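Please read the structure below before turning to the comments.
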């Protein structure tokens, strides 16, 4: 246990979950690996200080409850208070797509990008069917599962999610134009930059930027220098608007430009045609003669790393791979 988090030592929450170590941080609060002391099972625990200026873990826990049972939505074990924290106990998952992108030397093959795109579209669609938009679609918020779920992609971090329509009446939230940017500027839709209320189309457009980030290794509006955060957002917005989709997607299959143009063309209240978007990439996948065998780029690397470790140590130990493998 690192001395810096000494206060968390022997910290047991929900009567049976013992904190082990910090494994990450979400939009609000830190994530810890914990063990269920009754059966030895590993879980993830999200902690938020009760003194937080804008507490949102209770909100996030309610959202997870609404989404429970969806494919690729982590299962919630417990929500409550412990010491001076709000506590959310959930399934332990594997590394994020950002972790895996780095693990693969920031290069994904087209096969991997297309297999991911299929699952990512489905995860966002599911959240939308439950009347919410995510509003922070980025590689860090998509995690691979572990064990028998190791090929399944999970969507996490619903701290910024918002209800976009009424459950009963299906009444859509009204169009507004005075909003501050919510989410991560790098992947934000153009309309989000312009202060327009977000809706389903914005989650889909953000996904388009995530896919091109994987294809290109970086986006043209990354690494822009500015004195203030506001000025940086301005610069990102300007660069995004002045980069034609065709330029952004140059050198890659036309389907990526088709995807982005489709998303940008959606009206505020319009439901995206998720099946059309999945089919776009599925047909491309087949055209490229790939097999949908869940062999991702990191699957190969993990196997190589494990083999090297086994041969060098004479034992079948796992080599150092991102946390959660």
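Cβ atoms are placed via backbone N, Cα and C, with glycine included.
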Candidate from 16, 46 that Swiss-Prot assigns to the same ATP site as 23, 24, 25, 26, 27, 28, 29, 30, 31: 46
Residue 27 (ATP binding site): secondary structure state under DSSP, collapsed to three categories: coil
Minimum Cα separation from residue 136 (active site, proton acceptor), reported as the residue among binding-site residues 23, 25, 27, 29, 31 that achieves it: 27
Residue 136 (active site, proton acceptor): tally of other CB atoms within 10 A of its CB: 22
Candidate with the highest Cβ count within 10 Å, taken from the binding-site residues 23, 31: 31
Where residue 136 (active site, proton acceptor) sits in the secondary structure, as DSSP reduces it to three classes: coil
Intrachain C-beta neighbours of residue 29 (ATP binding site), sequence separation six or more, cut-off 8 angstroms: 46, 47, 48, 49, 52, 57, 86
